[in-house]
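Pulled from TrEMBL, these are the features on record:
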TRANSMEM  24-57  transmembrane segment
TRANSMEM  69-97  transmembrane segment
TRANSMEM  109-131  transmembrane segment
TRANSMEM  138-154  transmembrane segment
TRANSMEM  160-182  transmembrane segment
TRANSMEM  194-220  transmembrane segment
TRANSMEM  232-252  transmembrane segment
TRANSMEM  264-284  transmembrane segment
TRANSMEM  296-315  transmembrane segment
TRANSMEM  327-351  transmembrane segment
Amino acid sequence: MTLLRGLRTISGELSGALGDLGTFLPYVVAILGAGVLLPEMVFAGFALAYALAALVYRMPMPVQPMKAIGALAIAGGMAAGDIMISGMIIGAVLLVFAASPRLEGLARAIPQSVVVGLQAGLGLMMGWIALDLMAGQWGVAALALAVLALSFVAPRGPWVPLVLVAAVLLAPGGEGAGLLAISGPAAPNAAAVIAGVTAQLPLTLLNAIVVTAAVARSLYPENAARVSERRLAATSGALNLFLVPLGALPMCHGAGGLAAHYRFGARGMIAPLFLALLCGLSALAGEVVLGWLVRIPPPVIGALLLYAAIELTWSRRLRDARPDCRLVIGAAALATLFLGALAGLVAGLAAEALRVYLRGRRSDV
């Protein structure tokens, strides 16, 4: 019985570790395919980052590529120098926030309904990307979704490794995520750095710090004391300030990755340690690993991403919210989906202010 429980734990940790690949793979493969950064240094950076996350948080704390900077690099709008400078600037800013006790006060000042709305909006964004990845190959997507659905019956089963291995082995030669056919990088310039920092920093502060801390407290209450906003800012800042100059990709934590790890069974520090080992081995193999990764069909990546999106969107706090708070959640979620996280914050705060005002008017009547 003890052996069986141990096997279930290991199975859940490994499956949960790989559950975040839906958000990890598209950006990493595309950026490496653009030839902007060396695969060896990118994977080495993630290996060190996951090892640090495991030791600091002792739970499945995700480490993901920064989405806005990644998107600019994929589109050819950032060269290696632009990426490095942007990552270092964001890292330094995050460390300044981490040193200030006002960060947690600011996070607590944001109403919970707005935070839940931001979380739901980010989940909807992930779901939209997932559907786009699955479009055109619904048969493959349905098969992957069916296998991954077994996680609802046996949450700690090896469903993600099973799907990924089958996808790589059964994919026809040369077929893959189709993320390598992208334009080349632009020459380094200050405008690209400014664009990268201004696009990424609000997203990092909201998603990688405020929302991630809230999701961690909800999904992993036993680790709540370790996951503070200041600590998340400190680890994200240190990773970028010290690893990006060595050739790593700018990285941060993320609520979507945390939901994905949880959805597929990861509960402890084994998951990030396994990912650290996997990324370390990938750093040694370099372009060989990249060749295998691009064989994973897009609908399989989309299936992984869709389950993480559902976990992030349909949270317990959303289900338990009062009817009047759901209007605030909806406003923040829709604004985040269509306009971005910063717009979601503004819309959510405005809706919350209106809710409080109307409630006060009713109490005066």
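Indices start at 1 and increase along the chain as displayed.
The backbone N, Cα and C atoms fix where each Cβ goes, and this holds for glycine too.
Segment contact is absent for the transmembrane segment (194-220) and the transmembrane segment (24-57), given fewer than three CB pairs below 8 angstroms at sequence separation of 6 or more.
Highest Cβ contact count with the transmembrane segment (296-315) among the listed stretches 109-131, 138-154, 232-252, 327-351 falls to 109-131 (criterion: pairs under 8 Å). When Cβ-Cβ distances below 8 Å are used as the criterion, the transmembrane segment (24-57) is approached by residues 63-65, 67, 70-71, 73-74, 76, 78-80, 83, 129, 133, 177, 179-185, 223, 226-227, 231, 235, 238-239, 243-244, 246-249, 251, 253, 257, 269, 272-273, 275-277, 279-280, 282-284, 286-287, 289-290, 293-294, 296, 301 of the same chain, each at least six residues removed from its ends.
As a quick check, the transmembrane segment (327-351) and the transmembrane segment (109-131) clear the bar of 3 or more Cβ pairs under 8 A, pairs 6 or more apart, so the two touch. Among residues of the same chain six or more beyond the transmembrane segment (138-154), those with a C-beta under 8 A of the stretch's C-beta atoms are 15, 160, 162-163, 167, 263-265, 297, 299-300, 302-304, 306-307.
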